[in-house]
Amino acid sequence: MVIMTCYRIVLIYLIFAIICVKTEEETVQKMTKAERRSLREESRRMFYHAYNAYMDNAYPADELMPLSCKGRWRGVTPSRGDMDDVLGNFSLTLVDSLDTLAVMGDFSEFSRAIKLVIHDVTFDHDIIVSVFETNIRVIGGLLSAHVLAMALKTEVPALQWYNGELLAKAENLGKRLLPAFNTSTGIPHGKVNLRHGVRWMTESRETCTACAGTMILEMAALSRLTGNPIFEQKAHKAMDGLWKIRHRTSDLMGTVINIHSGDWVRRDSGVGAGIDSYYEYCLKAYILLGDEKYLARFIRHYNAVMKYISRGPIMLAVHMHRPHLQSRNFMDALLAFWPGLQVLLGDVKPAVETHEMLYQVMQRHTFIPEAFTSDFQVHWGQHPLRPEFLESTYFLHRATGDDHYLQVGKTVLKALQQYTRVPCGYAAVNDVRTRIHEDRMDSFVLAETFKYLFMLFGEDKDLPIKLEDYVLTTEAHFLPLWLATDGKNSTLNIRVDDEDDDKYRKTCPNTATLDSEKVRRPMRQMLGSSAARPPARLLPLNDPRQVHALSDMGISVLTLPDGRVQLLYTTNTAKSAKDAAEGLTFMREMSKWNSLSEMENGVIAAGVKFNEKIYPAGPGLFGKEITGNERYMSTAVYVIPNDACSQIENSHDIAGKIAIATRGQCTFAQKVRNIQETNAQLVIILDNVKDSSHESTALFAMSGDGKNDIRIPAVFLFSKEGNALIEALNNDPEQFIVIGEFKSMKQEFENTCEDKDLEPVQDKESFDHLKKVLSQLVAQFELTLSSDDQKCEEPTDAYLTSKQGENVCKIASNDGD
């Protein structure tokens, strides 16, 4: 009770401090028409710098390599693995960017480019391509250019020659994709051979949810434009197949599916990579086709996402079958499309909040990294010039009319110009921390990134078409709304089950009473509005640069004799009132993240048993999941080399046994991938951070690298528990080790009782255990308040103390080292 009372006092003082510390309200600078026109023209010049570099140095190759200043060809330039599945030697970048030329009003080049595609592009190649990418980029690009050319030809002399040739090419390609849909579930293969279909494709068992669920717009448009219903029928069947395998309790979807059985291979459920455009196409299928079945489905999914995945502005993936548990502690850049989708639904307030969170991430790192943690640290540092954040910025500006989003677009534009422009186009960023370039310029840079910039700064009168007459696909291609009345829907309506779903039926964004600045301001106070503010739990806290930045916010860093680091926050020593508010936000973040439990982090601990004791271990977000009463039992062998970052030299000793490796040098997933070639039963990875322990540091789940080729399970032991294992093996090399789910093993071997229906046993032993737990909590996180007279009359000072390094372990990037 004393401890709880103290925490309540702390909370009261923190709330009082939030009220007392004044913040400088952001004043959104009104953008003049002249500046907006200037930015529009600059975005136009950016497009042509990239487009001309591609046409002059790469065409008819699929992509431009901007550092090499030459084209990227499938089967000619060095392979990048699965990344090259988007390539088909069909002039991808030109096809994908055709409609951008039309949007910018360059009808002479639009006409010339169409002629080049008609004369030069063929799809009769013995090449395996991604069905998803080929659909959204190539079929979508062909259809969009066809629709715009037909709409403009009566008014534009340069287009009057056009007679539907692009539609014929789209139909030809669509037929080459059809064999992918010949599965028992209707869920298509992830890949197809453009010449031979799916014959001889031995490794085509799995696909992602987005890959299977992002076909309906293009395929339905292709059917309704050509009069051939087969494309739309196949796409509807795929969407029906996905709907049937949703989790019936949570209404969430996983990310990877076995196309033959319909079983889930990966059950992570978020709104980012692997699932993003499935949700997008559920809503847009209703908008384009008028089929209310898709609206009903989307609302079910949307309510589930907002209930389980959305945590204010933060969007963290969960287990679809256990939606109250997070499946990872990082977000990926692809979720940036979500606020734009919320605008289409009419739910603008949470869209503003999540967009503001993403803007803070961008300000901290100049670009939004491919993946970032909940405290905005880099998880994966790449930035391939993705368009999703600009997409949401564009839709929010149209919905709110707020010039803030013009300023956001200007920030993105200037960053692209300063850090990614090279003599031969625009180069992807290999790591946002170093801003080193990558020899890569994806087709979506021309098809989406520069298109959204141009449309953001342009006005409706600058565009040759009425935007409200079209739906933008996930690749920003234009499909006309009149398709809804052109042909009958091939699906049946379904009843909306949830009573509250009706509030979203047939609604358009209504922003008459929304002041987006009033939504952003508290978000900025919560997240921290200064890009220079060090995020909570940045390591090391005693770095001179961080100490200086913290000092400006009124925070002093003291190292105690026992190795703990103490943060002293005093408002009157801050550089300014705004910096003091930033300091308070920093301290609150420290408090929040240090107080998170393992369950809140979504980590389901594994257990490692030896010497009759069970030690908790972190699971992996890759490989086989350790669940229930499943047990792995064997002796253990150290791998050579011990970091397992290269081929294992003693593989003959490891087969069928538990392999032990050490952390460092490469990712967790790569270690396990190398070890599984030895036919090991399971992998234990030992921490290389001295004196780390689960008693002082929250368990984390080891992150994967986006591939799904790992079959064996892996667990992570901190140094203290790892040393105990090493000692046990030194004493007895034939020590038998048992590994399973920690909670299940505790019940089996220690007879613990988890039955909620039983009455608690209130005896001395129970209270001793409670005291031990509380003492551990206090050791992990110690927060007190004081003033000069120690009477706490004014909430001017706050202390936060933790062991050096502890405060970074719960949500820091743990993908390897």
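Placement of Cβ uses the backbone N, Cα and C atoms for every residue, glycine included.
The signal peptide annotation in TrEMBL covers 1-25. Annotation source TrEMBL lists active site, proton donor at Glu133, Glu370. The active site annotation in TrEMBL covers Asp276, Glu388. Among the features that TrEMBL reports, Ca(2+) binding site is placed at Thr474. Annotated domain 'PA' per TrEMBL: 636-725, in sequence order.
The recorded positions shown are Asp276, Glu370, Glu388, Thr474; of these, the one with its CA atom nearest the CA of Glu133 (active site, proton donor) is Thr474.
For the domain 'PA' (636-725), the number of residues in each DSSP class (helix H, G, I; strand E, B; coil) is 20 helix, 18 strand, 52 coil. Around Asp276 (active site), the same-chain residues six or more apart in sequence whose CB sits under 8 Å from its CB are Ala210, Leu334, Leu335, Phe337, Trp338, Thr474, listed in sequence order. Put simply, Glu388 (active site) is 12 Å from Glu370 (active site, proton donor) when counted between their Cα atoms. Glu133 (active site, proton donor): 21 other CB atoms within 10 A of its CB, across all protein chains. Thr474 (Ca(2+) binding site) is surrounded by 25 other CB atoms, counting those within 10 A of its CB over all protein chains shown.
Around Glu388 (active site), the C-beta neighbours below 8 angstroms that are at least 6 residues distant in the chain are Ala333, Leu334, Leu335, Ala336, Phe337, Gly340. The 10 Å shell around the Cβ of Glu370 (active site, proton donor) contains 23 further Cβ atoms across the protein chains shown.
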